[in-house]
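Accompanying notes for the structure given below.
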Amino acid sequence: FDFCQAEGKKRPSENLGQVLFGERIEPSPYRFTFNNKETCKSVCIKTYDTTKPEDKQKLDFLKKSMLLNYQHHWIVDNMPVTWCYDVEDGLRFCNPGFPIGCYITEDGRPKDACVINSEFHEKDTFYIFNHVDIKIYYHVVENEALGARLVAAKLEPKSYKHTHPDNPDCSGVPMDISNKANGEVKIAYTYSVSFEEEKNIRWASRWDYILESMPHTHIQWFSIMNSLVIVLFLSGMVAMIMLRTLHKDIARYNQMDSTEDAQEEFGWKLVHGDIFRPPRKGMLLSVFLGSGTQILIMTFVTLFFACLGFLSPANRGALMTCAVVLWVLLGTPAGYVAARFYKSFGGEKWKTNVLLTSFLCPGIVFADFFIMNLILWGEGSSAAIPFGTLVAILALWFCISVPLTFIGAYFGFKKNAIEHPVRTNQIPRQIPEQSFYTKPLPGIIMGGILPFGCIFIQLFFILNSIWSHQMYYMFGFLFLVFIILVITCSEATILLCYFHLCAEDYHWQWRSFLTSGFTAVYFLIYAIHYFFSKLQITGTASTILYFGYTMIMVLIFFLFTG
């Protein structure tokens with residue numbers, strides 16, 4: 001964007017989570033000394049001669065960024081510098097970033113941030129926020145030796161056309177850049193900083209004012225109630241089937257002492273000779289189950305830590321780092337589960353099974369990630385992951401995750417196969433003609449609706465925090481929703497499985513995996529809807545990136561719910 005650069009300062013280093021999320025921290029040319037008030041200090045002056053093509057290109061890029069409401073994100077002492085302004089109902093909203101500038105349309109309508117100042121009124125004009133008033137709040141620690149701690153940093157973006165750019169006075173008309181302007185454009189960047197003691201905010205709770213101004217907690221409670229109602233309804237259904245229907249069925253079967261009655265069996269009892277027939281593509285199912293277990297445990301532990309407050313927004317990138325490290329360390333349960341199921345399906349090719357468990361799903365995710373990275377790299381983006389980090393991730397995968405998967409699989413194959421309570425018949429039964437709702441596809445499509453209904457409000461906030469750079473801190477809610485989702489998936493699957501077995505269709509393994517796994521398809525549809533309704537993304541590269549990352553999330557979610 002051609003803003004002022006910091007001379008000769010070292011770049012701060014980022015952790016794994018930040019690198020993967022594309023967060024890069026750059027040193028800043030704005031220098032403060034504690035309790036040293038500055039007014040209207042010049043940072044640098046940028047001059048654009050629109051007759052020169054490279055200058056014109058730079059200026060056009062700036063204009064485009066103002067049109068799309070791009071934001072500065074600044075950090076002081078690991079705190080975001082916020083811009084607080086009044087919204088309706090007398091509430092204050094604190095935005096952890098502030099816009100580069102704003103635009104007044106050709107018919108004189110102010111867009112985005114231009115509404116804050118009535119002086120922005122020229123038609124078809126850009127106003128750049130080239131001056132900031134920064135106010136830093138500090139809290140003096142009681143025992144004097146420690147000095148003071150910063151508890152908040154706020155700023156007001158301003159726009160000034162400095163009459164003497166070399167000796168700025170920070171007054172006068174706003175800095176306007178007309179869309180049709182020719183000749184020389186001079187932008188002087190300046191700042192003022194003041195310090196104020198704030199006795200009421202403790203250092204430990206200094207993030208609260210940002211999080212409090214984020215709205216939506218009442219929506220969360222509403223969504224939790226909504227999900228709980230679904231869960232209660234499902235649990236009631238399952239309990240009713242388990243207690244009443246099954247109890248009745250079993251009592252009825254137990255009363256039959258003479259063999260003649262036993263010939264006229266009905267419902268799920270008829271398929272007892274086929275119920276444990278190994279599924280088609282048993283290899284793939286066992287691999288999916290292994291990877292799914294890995295993701296399930298990873299999500300549970302990550303969210304548990306996040307609830308305890310280890311992964312708050314103050315530890316940048318901690319969430320992603322935690323998830324990646326856990327995923328790598330949880331190779332053992334994946335190998336074990338996959339091996340156990342594969343063995344109980346009567347599979348012989350155990351080497352293939354282990355290799356697929358350690359390489360199939362991670363391989364797809366990594367390949368997708370690598371392609372996205374190539375696109376970022378080709379676009380010259382700062383979010384592109386450096387080669388070293390890619391090698392590090394590969395090393396984590398090959399040197400830690402894969403050996404752990406092998407260990408898990410070794411134990412899984414060493415144990416005896418899961419004992420089946422009934423023998424499987426030699427000749428497969430014929431499956432009778434199914435009614436519409438016990439056919440595989442309608443059952444699977446119905447199964448995904450309920451779990452998705454539980455999570456879609458949370459999904460909105462999570463997508464916002466990923467794509468719109470809003471902070472996500474409601475891990476307590478998320479943990480609750482996660483538990484509800486797990487229960488809903490299990491119960492919906494049990495219900496549909498019971499209906500299918502009553503209809504004498506014994507292909508239940510894949511179907512029970514896909515019934516709740518289909519939630520991921522609804523997730524994909526929602527993500528597409530979100531893309532078109534909420535995001536203004538232009539350009540092919542950005543669109544491919546959005547859908548590339550969404551596909552990674554969908555795959556992980558599919559394995560997790562299944």
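Glycine is treated like the rest: Cβ placed from N, Cα and C.
A TrEMBL annotation is a machine prediction, not a hand-curated record.
Here is what TrEMBL records for this protein:
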- 221-243: transmembrane segment (TRANSMEM)
- 284-311: transmembrane segment (TRANSMEM)
- 317-342: transmembrane segment (TRANSMEM)
- 354-377: transmembrane segment (TRANSMEM)
- 383-413: transmembrane segment (TRANSMEM)
- 444-467: transmembrane segment (TRANSMEM)
- 473-501: transmembrane segment (TRANSMEM)
- 513-532: transmembrane segment (TRANSMEM)
- 544-561: transmembrane segment (TRANSMEM)
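Each of 284-311, 317-342, 383-413, 444-467, 544-561 was scored by its Cβ pairs under 8 Å to the transmembrane segment (221-243), and the highest score goes to 444-467. Panel annotation: around the transmembrane segment (444-467), residues 216, 219-220, 222-223, 226-227, 230-231, 234, 437, 474, 477-478, 481, 484-485, 488-489, 492-493, 496, 511, 514-523, 526-527, 530, 534-535, 546, 549, 561 of the same chain, lying at least six beyond its termini, place a Cβ under 8 Å from a Cβ of the stretch. Stretch with the most C-beta contacts under 8 angstroms to the transmembrane segment (383-413), considering only 284-311, 317-342, 354-377, 473-501, 513-532: 317-342. Same-chain residues lying 6+ beyond the ends of the transmembrane segment (284-311) with a Cβ under 8 Å from its Cβ atoms: 318-319, 322-323, 326-327, 330-331, 333-339, 341-342, 345, 347, 353, 356-357, 360-362, 405, 475-476, 478-479, 482, 486, 509-510, 513, 556, 559-560, 562.
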